[in-house]
């Protein structure tokens, strides 16, 4: 079974490249113009040739099934390093989400491709392979730019690990790869490529929104509403960076120094916590979430719910929140109630991340004098 939404459009877009069109403004499919960076084109060109110009849907589904299993392997490897989530929760990740199975196997969206590469990058960061991790992170961005929601957390981690001067080469890897991948299109029409593939002001259709159905459409489309969400997003990121990611009494500006020159080196940050919370904050304040966007954070939800001490939230409530989020994403079309439930669940997760990690930081500070006395 295959439910067509974007696959044919993807194939039409990359077929335009096969036919010699390198002007991004001229590449389009059934659902509109090509709006993804160049990495998407190259990866889906591979799918195009492997599936007889996109006509062998069954083979494409097998390929995406393999991608799904690979994603689970990469996610489980991350979770095995954190050792925070109880084993029974992995049942929900593997078996309990119809929407995620649909996004991978039935819809063949590009979002799972970007997320699989992102999880590979996180595995590399955990192995202290920062250069290769930055390469894979940038490759994921080149498939779909939602990966940029992880970028604030990654920037913090690079500054913590290397300081400003030594972090610049890692950031250069990310930038250079974008230029190299986009070069054939940049040469022909640089403005067209940049405005189409990295369009931050893109308008979303109200009928597809999952998270803002509770608002009138005129507010949903209003620029003042978008600006308010952006301000809230940046404020939340700043608060978490200053008070949750940064684990030192020294100013966060100390991260700009070489690690060996810091007076009081910050504690080793939780790599997964910084990246996952950075992305989740972006999800909470997103201008719109469409159904395929669920994969942007679905596999991070167990960590976000179980990374805090047990007393922060009862276990049953955590499982209930997972269920309500799943129900909200499976309600089509979305309703006022499903959108409201999604926001309530997001708000609870955000608050428990803030207060739960605060209690863990306090307990760490209490233990420090004991260690000195010993």
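Each residue, glycine too, has its Cβ placed from N, Cα and C.
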As TrEMBL has it, transmembrane segment corresponds, among 10-32, 171-193, to residues 171-193
Which range is transmembrane segment per TrEMBL? Of 62-79, 80-97, it is 62-79
If you count CB pairs under 8 A between the transmembrane segment (62-79) and each of 34-50, 108-126, 132-159, 171-193, the winner is 108-126
With the cut-off at Cβ under 8 Å and a gap of six or more residues from its ends, the chain residues touching the transmembrane segment (34-50) are 10-11, 13-18, 24, 27-28, 56, 59-60, 63, 110, 113, 139-145, 178, 181-182, 184-185, 193, 196-199, 202
